[in-house]
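Enquirer: The structure that follows is given in the form of structure tokens.
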């Protein structure tokens with residue numbers, strides 16, 4: 001960084017830095033023409049390009065498919081999505097917000113503010129699915145189930161102390177764990193159904209959510225590694241031990257939850273393997289090797305195919321609100337443009 005730029009940052013504060021400095025000093029605005037870390041600009045451009053809203057997805061086209069499902073399957077889907085809503089509520093209101101306080105750059109602060117908003121959109125998306133497909137009784141019962149299901153509550157609460165704790169690195173690990181691992185057990189169900197041509201538009205929403213989660217996990221993993229590399233080797237080893245210990249603890253909580261959730265539907269073992277596979281991917285994103293065997297992470301081909309953001313989409317992406325689109329750019333024309 002040039003000397004003048006260093007002086008600029010040393011003599012001014014971001015709004016959050018101003019608060020931390022006991023409301024002393026001069027405030028600065030975020031300057032996208034002076035980027036400390038090019039990864040910030042790259043990720044910002046990607047998340048803006050990927051912006052979407054659930055109202056643009058024709059979930060109502062899934063009503064015929066929904067009506068063909070038994071009540072047990074309908075209740076399972078509703079419970080699963082309500083569980084995902086809880087996790088996204090935590091991430092939007094605590095997890096990503098806490099990362100603003102630990103940001104390395106001004107731009108990282110606003111990126112996590114954007115993440116928090118989009119995770120709020122994800123939580124709203126499940127509400128869109130509910131209001132389209134479910135009865136009020138099903139929705140209310142599912143939300144009551146979330147409050148009263150201990151296995152779900154345990155896994156949902158597990159990361160909150162690290163979000164709000166005093167260790168920025170542990171908070172960053174937790175911020176990556178939610179989009180990088182903890183949601184995937186719930187994602188398994190819509191991908192399983194989509195591979196069987198059921199609820200295809202609902203699955204499109206899940207793919208859009210997944211596309212965002214991949215970026216959120218990647219960015220948190222990248223920032224974790226940038227923080228970690230500045231630490232002494234002993235601290236790096238300590239953090240690695242922490243990550244693996246927390247990961248294994250969460251896997252056990254996830255297994256307990258998935259066994260309770262999916263019992264009787266014939267998908268428990270495959271859902272667990274799907275989760276463990278993504279646990280390995282999460283560890284790799286933090287710069288560690290996956291310790292899991294091929295047998296522990298074997299995913300059926302039809303499920304693996306659903307991980308593609310372009311898999312079997314069902315609506316018009318010209319408007320730029322699908323998972324395989326490129327945002328259209330409009331330009332006004334004049335008479336001369338049509339003189340061929």
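Count begins at 1; order follows the chain as displayed.
Every residue, even glycine, has its Cβ placed from backbone N, Cα and C.
Bear in mind that the values here come from a model prediction, so they are computed numbers and not experimental data.
Below are the features I grabbed from Swiss-Prot:
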- 126: active site (ACT_SITE)
- 88, 122: Fe cation 1 binding site (BINDING)
- 216: Fe cation 2 binding site (BINDING)
Enquirer: Work out how many Å separate residue 126 (active site) and residue 88 (Fe cation 1 binding site) at their Cα atoms, rounded off.
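Expert: Cα-Cα, rounded: 10 Å.
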Enquirer: Using a Cβ cut-off under 8 Å and a sequence separation of 6 or more, which residues in the same chain sit near residue 216 (Fe cation 2 binding site)?
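Expert: In sequence order, 96, 115, 118, 119, 176, 179 meet the Cβ cut-off.
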Enquirer: Taking the Cβ of residue 88 (Fe cation 1 binding site) as centre, how many other Cβ atoms lie within 10 Å?
Expert: 25
Enquirer: 10 Å Cβ neighbour count around the residue listed as 'active site'?
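Expert: A 10 Å sphere around the Cβ of the residue listed as 'active site' contains 26 other Cβ atoms.
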Enquirer: Let me check the 10 A CB neighbour count of residue 122 (Fe cation 1 binding site). How many other CB atoms are there?
Expert: 26
